[in-house]
Amino acid sequence: MAKEIIFREDARRALERGVNALAEAVKVTLGPKGRNVVIEKKFGAPTITNDGVTIAREIELEDNFENMGAQLVKEVATKTNDVAGDGTTTATVLAQALVREGLKNVAAGANPMIIKRGIEKAVEKAVEEIKAMAKPIESKEAIAQVATVSANDDSIGNLIAEAMEKVGKDGVITVEESQGIGTNLEVVEGMNFDRGYISPYMITDTDKMEAALTDPYILITDKKVSSVQELLPVLEKVVQTGNKPVLLICEDLEGEALATLVLNKLRGTLNVVAVKAPGFGDRRKAMLEDIAILTGGTVITEEVGLKLDKAELDMLGTARQIRVKKEETIIVGGAGEQAQIEGRIAQIKKQIEETTSDFDREKLQERLAKLAGGVAVIQVGAATEVEMKEKKLRIDDALNATRAAVEEGIVPGGGSAFVNIITTLDSVQLEGDAKTGVDIVKRALEEPLRQIANNAGLEGSVVVEKVRTTGKGFNAMSEEYVDMIAAGIIDPAKVTRSALQNAASIAAMVLTTETLVADKPEKDAPNPMAGMGGMGGMGGMM
């Protein structure tokens, strides 16, 4: 296919137009007075959201060259979301500012490669300062503050803090849609393990890239399954008794067996999601036994004379719900007998007391937490489905932000952490275009606060200057200058750091781009019937 090529300044300007198109759509959502964005859906009601990455994922531009710029910024938002789970709008705003300031200097004749070096040195120093500024987070109140700032809602903040208190900071917290209009917290017996679906064709929710199974059977074996004949007898029994979904936990699934299960899933005849068994060696056997006890099933292993092709329905476990992601499986509401679960917990506690190996003790404690800790389920309710989806996105973001805060600590929120570190970049001693790179980062660091102020209907530059001179932060909700940490307006250090690193990475790529290559738009083929309109007059030939 023929390609279109554009060079130098034309190429960089096309990328900038794409960057701006996406950033302008996303940045209106920043801060407590940020607005919403409405996204049309092919089917059903539109989505209303203020989540940066959700908006970014929906944007495709008609012009191929501009679209490249938009996709690069989309990568900033997505990467920040993957690493920190929040801060996607901040990352987008930073990327736009770095690109804008950088391209001004490149157009004026600066060397982009040397500017890039200056940007990298400045970001390295800024990240060091963010880490040094971070305060560890301990109390339930501090956790609630982080979640409140992220979700822009006190009640959600308190709910997440309560969930973390109940299942521990490393516990499993999931967010589900509720039938009612209230949002509440429920702690359910459940467990998670770090294995995801074997094939992406098994997912049921393409937006979240996960498989959700309600009231499924759970088939547990330590075998590698490659022949579908081994599975057929038990799967036929499942189909005859109401065709419930099935979670298959096995050593591996391959060849004909995998192909057949995927084909049946795509046809809608049988919904089987397969995951590899967690752990290794003897620990794997113990973990499979834990899952079996939790779900009321049996581990089908030839070591005790059980064969897969002879499996009965009563050997299968069940659970209220299972969610399988790319690298994690969460089992909620296992149907195992309480007495057996308690017996297993007591057995693991005894092993913890007796073991002399620190490594074994750590792994046993992990198993104990999975069996005893349970899963906290936040059930999201709202008056309409559109509102519920928007609320669920905010809770997901707040949960991710809170986990990030527990991991790396907190810094002053509302964009003030970025403004506070601008003066520390004076210590980065560089010359010429490299110094220009440092200055570009300094100007870009003002941008999140400027945008928060603009969204609150104030003059951003005035607010930035006041924050720089007073050393306080700006509370956009009350429009006051306050000590941000004391006021509970805080951001996770991990989110702040990731947003800056990812924005700088993509901005440096845009600045050092010299050529863009894209497919040439195809001309529409002429309609072969268009020239035959005059044939209608042949009726008179009779």
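Each residue, glycine too, has its Cβ placed from N, Cα and C.
Between the candidates Asp314, Asp483, Asp491, Swiss-Prot assigns the ATP site shared with Thr29, Leu30, Gly31, Pro32, Asp86, Gly87, Thr88, Thr89, Thr90, Gly414 to Asp491. In this structure, the binding-site residues Thr29, Thr88, Thr90 were compared by how many other Cβ atoms lie within 10 Å of their Cβ, and the smallest count belongs to Thr29. Note on Asp86 (ATP binding site): other Cβ atoms within 10 Å of its Cβ, all shown chains, come to 32. Farthest C-alpha pair in the ATP-binding residues Thr29, Leu30, Gly31, Pro32, Asp86, Gly87, Thr88, Thr89, Thr90, Gly414, Asp491: 16 Å apart. For the recorded site, Asp491 (ATP binding site), the DSSP three-state label reads strand. Mapped onto three states, the DSSP output places Thr88 (ATP binding site) in helix. Other Cβ atoms within 10 Å of the Cβ of Asp491 (ATP binding site), summed over all protein chains shown, number 30.
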